[in-house]
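In what follows, a structure is listed as structure tokens, so that the remarks can point back to it.
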Amino acid sequence: MPRVSAPLVLLPAWLLMVACSPHSLRIAAILDDPMECSRGERLSITLAKNRINRAPERLGKAKVEVDIFELLRDSEYETAETMCQILPKGVVAVLGPSSSPASSSIISNICGEKEVPHFKVAPEEFVRFQLQRFTTLNLHPSNTDISVAVAGILNFFNCTTACLICAKAECLLNLEKLLRQFLISKDTLSVRMLDDTRDPTPLLKEIRDDKTATIIIHANASMSHTILLKAAELGMVSAYYTYIFTNLEFSLQRMDSLVDDRVNILGFSIFNQSHAFFQEFSQSLNQSWQENCDHVPFTGPALSSALLFDAVYAVVTAVQELNRSQEIGVKPLSCGSAQIWQHGTSLMNYLRMVELEGLTGHIEFNSKGQRSNYALKILQFTRNGFQQIGQWHVAEGLSMDSRLYASNISDSLFNTTLVVTTILENPYLMLKGNHQEMEGNDRYEGFCVDMLKELAEILRFNYKIRLVGDGVYGVPEANGTWTGMVGELIARKADLAVAGLTITAEREKVIDFSKPFMTLGISILYRVHMGRRPGYFSFLDPFSPGVWLFMLLAYLAVSCVLFLVARLTPYEWYSPHPCAQGRCNLLVNQYSLGNSLWFPVGGFMQQGSTIAPRALSTRCVSGVWWAFTLIIISSYTANLAAFLTVQRMEVPIESVDDLADQTAIEYGTIHGGSSMTFFQNSRYQTYQRMWNYMYSKQPSVFVKSTEEGIARVLNSNYAFLLESTMNEYYRQRNCNLTQIGGLLDTKGYGIGMPVGSVFRDEFDLAILQLQENNRLEILKRKWWEGGKCPKEEDHRAKGLGMENIGGIFVVLICGLIVAIFMAMLEFLWTLRHSEASEVSVCQEMVTELRNIILCQDNIHPRRRRSGGLPPQPPVLEERRPRGTATLSNGKLCGAGEPDQLAQRLAQEAALVARGCTHIRVCPECRRFQGLRARPSPARSEESLEWDKTTNSSEPE
């Protein structure tokens, strides 16, 4: 059968002439709220009738008549009596009532018996058990469709827990689809029924205590508004609660009394504001209310009035189409007879085929007489009024405009003051030095304060910082409640928790977190255990005292062996006068006891000496000693760098396993913090063992704050388990603290918000923006760096101080003092055994000191023993020598006259030796060769004998 579509104003005159009266088409309307200052149902019927009758296309004088009957009570008797008054008038349809379910059921039964169409304009009651009459049509959307639409919204917002407030017990049957979805998905839906007092306050308090954030209100417009006002009084109208109204008159609610415009209130609307007559219809209602009422009861047309308006048009359209196929007539009926209207069934068939656009949108019915193929607009309350953010269609389902919804949330943050709960914790939040002179947010400083300023600048909101009452981050109690900042968020006492609040799975179940603004992990903080402080003789530290002792013994042993070997081997005995090889009976050994002690010293100091080993045995001793000193010096040099450039720490533990395997060092964490929860819930064997130790240790190893933990580390044998960021901060400011090992886990700090916070996505985007702009890293460097302790890499480049190598200067000074003292002893000893002099010892010493200061008198007579003769230069015999002579410095003295050569040689008094007759200078005895010297009278006979021996063998 083809669908029927007809304009509402094209009503031919012949259609109007088929009624029982040749001049009218009669429709009956039953109103249960006939007051002028109510929903405006009477006015809407009048407007529909007049608009149809004023249509210029209408021919003749026939017109539509609507008889209005008032129903004072929802009574079966009065309803039946009213119907008995309507049937004799010969009506083609009965409309209403709008708010009397019992009366509506009686009317449907009577109309069904007489086969007169009946239009309902109220939601069905007892949908599952009531038999829908064929003659009954319902313009009001079914509760089943509304239930499916609510379920779609809950799915869109990922709501896993919700509370359904019912004004009547029948709502459990009406919203069966919604209940079934929660049963299938295993989500939580609590149902609360209003009591007979109709006071929702106790019910709302229970919902608040249950921490339920999504509330579905299934009640009429008046009761829904009352519930919302009571919720506002309890502080439940905020950004952390979501209200969903199933009443289709949501757009008529007055929200002016709501203080917090951040509340997320959603509802449905079926009004078609694009309809050509909608504005005129609304203006007429408002004008009527203003003229006849003390106040305007609604902000727009009530749903029942719009449905009655559309019902009149639907009946007229169906009658028009029916009359095209057959002539219809209407005759009076009676309650006392079994007579029916013969055209009633045909008209019902045409009514089910009607399609038109009315004030409530598209009008179409299914085979059951229920409205179909329509759409519900989803509205959200904003500071600018109600805004459509999506729609639900019977066939297409839910479609939401996420951009509009997000923009409403962003706009709701504008110029909004958020309560921020936090805790004093360096460097996240600290009191300024002069905080007594300030008030409000100006009293605080720190990383979180700066980050809040950045976020407020991006999202354009205001904030008020408030310290948490109990001074803890938040842990669950045995009764299921939470303490600290987490507890305040759950109780909706704060909008944000901005601090070093760790994101954990347990906390995520009860509050929402933003994206992490800082990544960290648990670390071990322990005090620095330094070895003995560096002293002046710390250059001896590379070797232990035992090594130094064995080195001394090795030195003495080598000296003794060298002295012994040099005495035994014949190759270390040689003639002191190589010029007289084979003619001198004297042999000399250079390894005296003093030289044997000096030679190893020169090798050990890598300076060498003038003593060179001749024999293989002495060279073997020398080589072994040099190899020994090479290894010793190399080892000393390598170890000296480690000992003097880096202060070595003596740490008894190096990892978390070392800490868990011992009991001498106590360890613990902050009570009620995320680190404590980490160890408590960990399944790793080492961490479980650590938790058992911390939990059972008495006195308790847990601390209340980070400052208390730091003090305990410094003043006792205690290791503190805390976040790596705090570890880094305090190590920068106390050089006696160090981190042991690496991180025990990886986690992040986030901004806490109550469950269901509509600002979560906005803060996520703002945090990502700060990270991309590197603002968070800049803030961290600002508050973490600048400590008095240098970075660890700076220790390697630190110069050595006097406390490290001052001892070597002490050794040098002592050696110089000993050398001066020995020189004075030698000076005095020489003077005492020299020839008698008229000059005193003091004068001699003064003279030498003066020469030293003036750098003069490098040559002076040799001091001889008492009774000895003073040395005199040798007298050279004048004879013609060879043309040249080689001096001791390796230079050639020119040929010239013999006298000149002799005079030149005589000037080299220090190089002229006794008994030498050669002009060449001997490299061993440094004597001249080639000239014969006359012995002076003071020369002994032994010297003269030596001259004779040497001269007799020399060629002339």
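Including glycine, each Cβ sits where the backbone N, Cα and C put it.
Per Swiss-Prot, the topological domain holding Ser399 carries a different name from the one holding Gln843, which places them across the membrane from each other. Together with Gly500, Thr502, Arg507, Ser674, Ser675, Swiss-Prot lists one candidate of Glu439, Glu445, Glu723, Glu728 for binding L-glutamate, that being Glu723. When Asn158, Asn951 are compared in Swiss-Prot, the N-linked glycosylation site annotation sits on Asn158. Cβ-based crowding with a 10 Å cutoff singles out Asn323 as the top-ranked of the glycosylation sites Asn158, Asn323. Each of the recorded positions Asn220, Asn415, Thr502, Asn736 was scored by the other Cβ atoms within 10 Å of its Cβ; the lowest score goes to Asn415. Listed recorded positions near Asn158 (N-linked glycosylation site): none (candidates Asn220, Asn479, Gly500, Arg507, Ser675; Cα-Cα distance within 10 Å). Counting in whole angstrom, Asn736 (N-linked glycosylation site) lies 47 from Asn415 (N-linked glycosylation site) by their C-alpha atoms. Neighbour counts were taken as the number of other C-beta atoms within 10 angstroms of each residue's C-beta; across the recorded positions Asn479, Ser674, the minimum falls on Asn479. Under a cutoff of 8 A between CB atoms, and with a sequence separation of 6+ in the same chain, the neighbours of Ser675 (L-glutamate binding site) are Thr502, Ile522, Thr669, Leu721, Leu722, Glu723. Taking CA atoms as the reference points, Arg507 (L-glutamate binding site) and Asn323 (N-linked glycosylation site) are 70 Å apart. Excluding the listed site residues Gly500, Thr502, Arg507, Ser674, Ser675, Glu723, the same chain places Tyr473, Leu501, Ile503, Thr504, Gly673, Thr677, Lys747, Tyr749 with Cβ atoms within 8 Å of the centre of the L-glutamate site Cβ atoms.
When the recorded positions Asn220, Asn286, Asn323, Asn415, Ser674 are ranked by how far their Cα is from the Cα of Asn479 (N-linked glycosylation site), Ser674 comes first.
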